[in-house]
């Protein structure tokens, strides 16, 4: 997605050898116009897949997931990283390791929001080691729902996440694919959409 790649080049900051900081438009402050365009691209890609729910993990995946769900006309569910006292009924859970935060979280979705009648589109902000999407695949599997695809806003193709996810047989669509960071600059690979 050219618009996204241009924004990454303009406002993204490369930190070290494998971190891209995009807090000015995705991971802290949200550019809703860009997120709306991202949502439309994902919706167009999966419009024939019979999507009934869009699923993400809090927090930075919420904005693109909301706009994808809106464009598809379906609900969006976000897996919570901390169980709260209102989550008293059946809970679907998985452990997820965050590459950026370097912590493992137990993420949860209330079971009544997903069923074996659902066809899900997973959306996430980044794909690095694939653990977030893998955890969501596990939760969705616990519900007996089907996953039509995984939509990634920014993929770090030099890490092993895509390989991990492709082994599941679920299609992966990344709007910006980063081949490398060279001398503090982003080098893109060809995107999926």
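Note: Cβ is positioned from N, Cα and C throughout, glycine not excepted.
Around residue 27 (xanthine binding site), the same-chain residues six or more apart in sequence whose CB sits under 8 Å from its CB are 21, 60, 125, listed in sequence order. Per Swiss-Prot, the feature xanthine binding site maps to 20, 27, 156.
All protein chains shown were included, and the count of other CB atoms within 10 Å of the CB of residue 128 (5-phospho-alpha-D-ribose 1-diphosphate binding site) stands at 23. Residues annotated as 5-phospho-alpha-D-ribose 1-diphosphate binding site in Swiss-Prot: 128, 129, 130, 131, 132.
Across the fold, the C-alpha of residue 131 (5-phospho-alpha-D-ribose 1-diphosphate binding site) and the C-alpha of residue 156 (xanthine binding site) stand 13 Å from each other. Applying an 8 A CB threshold to same-chain residues 6+ apart, the list for residue 20 (xanthine binding site) reads 8, 12, 13, 14, 126, 154, 156, 178, 181, 186. Excluding 20, 27, 156 themselves, the residues of that chain whose CB lies within 8 A of the CB mean position for the xanthine site are, in sequence, 12, 19, 21, 22, 100, 125, 126, 128, 154, 178. In sequence order, 96, 97, 98, 99, 127, 133, 134, 159, 161, 164 are the residues of the same chain, not among 128, 129, 130, 131, 132, whose CB sits within 8 A of the CB centroid for the 5-phospho-alpha-D-ribose 1-diphosphate site.
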